[in-house]
Amino acid sequence: MAKEILVAYGVDIDAVAGWLGSYGGEDSPDDISRGLFAGEVGIPRLLKLFKKYHLPATWFSPGHSIETFSEQMKMIVDAGHEVGAHGYSHENPIAMTAKQEEDVLLKSVELIKDLTGKAPTGYVAPWWEFSNITNELLLKHGFKYDHSLMHNDFTPYYVRVGDSWSKIDYSLEAKDWMKPLIRGVETDLVEIPANWYLDDLPPMMFIKKSPNSFGFVSPHDIGQMWIDQFDWVYREMDYAVFSMTIHPDVSARPQVLLMHEKIIEHINKHEGVRWVTFNEIADDFLKRNPRKK
């Protein structure tokens, strides 16, 4: 059977928004300056990388980045890339009220429409955190796919909502928490799985307020880890989606750009590989797996 391996870069433009909403840098001029680097220097460097190898990409942008880096965002659109939603200030959906989460989503949609001329079809939850209404809001506002959950790794699926589980409460009897997870119901939202082991940020970006922040892991090690994952997928699967999550904050650094060149050139040696946008992945999945209602 011929191989069909869909490969994609998802670029999260966290920039200043990441420091405001997730990384604890909202009071640090130095950390904010790192966010400015991501938008003003990092975006053009990644665009140059994608142009060199003729690759499409999907850029998931906080609304804050769209408004703060309007010139660079226009460059992304002019290059023909897809733009998806990623919060406004990289807010944690779990921490927001239902109204706050919807207001942020609506603002994101509005900004992307103004930028690209069309509504976004895809969403990435900041910090990959899904609230108990995120799925409902995405479907309500016309989204086709999400890229935040991890029920699988290299195969898309339909998002399920309503899973429930019992947390341990040592003030109760053990029988009160010894219960299995109960699965909810499938929805129309396509999930393109997220994967912490194909994300550049945790190992290669130093965050002062994060206890598990590294920032100085060698790109040679990370690059080999990503190549090893691709090699296993190519050997074991005839159809698969291999999506990598990167950030201009991290992947626009020289040592990481060189890592990506090696990964791209390695992947391109294989037959049956196609570089695509995330929207193309979702459309391909829907054709292969029409949902039975």
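Placement of Cβ uses the backbone N, Cα and C atoms for every residue, glycine included.
According to Swiss-Prot, the feature Zn(2+) binding site maps to D14, H86, H90. According to DSSP, H90 (Zn(2+) binding site) sits in a coil region rather than a helix or strand. Here H90 (Zn(2+) binding site) comes close to D14, A17, G18, L20, G21, S22, P62, H64, P126, W127: these same-chain residues lie at least six apart in sequence, with C-beta atoms under 8 angstroms from its C-beta.
According to Swiss-Prot, the domain 'NodB homology' annotation covers 29-276, on the basis of sequence analysis.
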Can you give me the average pLDDT across the domain 'NodB homology' (29-276), rounded to a whole number?
97
Counting across all protein chains shown, how many other Cβ atoms sit within 10 Å of the Cβ of D14 (Zn(2+) binding site)?
31
Within 10 Å of the Cβ of H86 (Zn(2+) binding site), how many other Cβ atoms are there?
31
